[in-house]
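> The structure follows.
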Amino acid sequence: MIRLQKFGEIVGTSRSWKLLSSTIAKRYSSSSNGVKEMTVRDALNSAMEEEMKRDDRVFLIGEEVAQYNGAYKISRGLLDKFGPKRVIDTPITEMGFTGLATGAAFAGLRPICEFMTFNFSMQAIDHIVNSAARTLYMSGGIQACPIVFRGPNGPAAAVAAQHSQHFAPWYGSIPGLKVVSPYSAEDARGLLKAAIRDPNPVVVLENEILYGKTFPISKEALSEDFVLPFGLAKVERPGKDITIVGESISVVTALEAADKLKADYGVEAEVINLRSIRPLDINTIAASVKKTNRIVTVDQAYSQHGIGSEIAAQIMESDAFDYLDAPVERVSMADVPMPYSHPVEAASVPNADVVVAAAKKCLYIK
């Protein structure tokens, strides 16, 4: 599993920076077959750099984003390129710097507000929800708030209950916010660039375990003009027997499960990468369900009021319901605060075997 690989590369320490420095010396590399590749970390970094060059109203603000190059080195080199007025270190006060960033957006700038982890965004949720998300509506469309809130989200590795929460259901329920959750380097680059250019607040939920993962990247995605539209999911693996839907690192779990289903049962699973939480691309999901007649959702949030619950409800309310041959199955985080113990933590987070079991239930395989 990705979450167990090269742990030293994903923690925000000076030691991890030494481990990483040799692998991110350039934006992308070419594999042995000539396919260009890029890490999610470099995709996010290049997206911010290009948008800061493109628009001098864009600036980055947050804890350790400047002199330390970011806790996870996402902002590596930006201070040297743009200076301390556009790459701004802050004290440890999420309420303070989020309020500053939101006010700057109201004044016409385009802040990128980084949370070291989205768990800390709880300290600033009033600014995000009551100020950034609602002011356009409450001002009768007069006062926009072009701001990006970004940082790592969801379970990581042995960081316990207060640092492992998944915020897609939280922010995905708020009118006035757009919420995206990238899986691949191409997702991260295209969605972040689109978020920075958007005239309204966008929440970008990243995953720290994916930061160091390398993905193939197309020539189109390397263009400075590349953006991905919100509300458009991607079929990562075509299939005909069952639909598996995930977002961010849950796509990894879904793809692993699809491989197991193929190898063990000859089942061809279609895997959908949501990319966008709000707006949600229910049309792509429904089209897949009409083909496969079965669906399993996978995410690392809690099942109650979660992403899978929303997908299940919308499928039930759509004409895709008539195509279902089995109830929707949800695979999600165990309904407990995240344990610190690694073995218990691993048992709390969805894995491929759990997804396979859910798929077998849908397919009536004993």
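Backbone N, Cα and C define each Cβ position, glycine as well.
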> Can you match one of ILE147, ILE174, ILE242, ILE244 to the K(+) site that Swiss-Prot gives for ALA195, ILE196, ASP198, ASN200?
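Record source Swiss-Prot; matching candidate: ILE147.
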> Please work out which residue of GLU94, ASP198 has the most C-beta neighbours within 10 angstroms of its C-beta, and give that one of the binding-site residues.
GLU94
> Sequence gap of 6 or more, C-beta under 8 Å: which same-chain residues meet both conditions with respect to ALA195 (K(+) binding site)?
VAL148, ARG150, LYS178, VAL180, VAL202, VAL204
> State the count of C-beta atoms found within 10 angstroms of the C-beta of ILE196 (K(+) binding site), not counting that atom itself.
26
> Determine, to the nearest whole angstrom, how far the Cα atom of ASP198 (K(+) binding site) is from the Cα atom of GLU94 (thiamine diphosphate binding site).
23
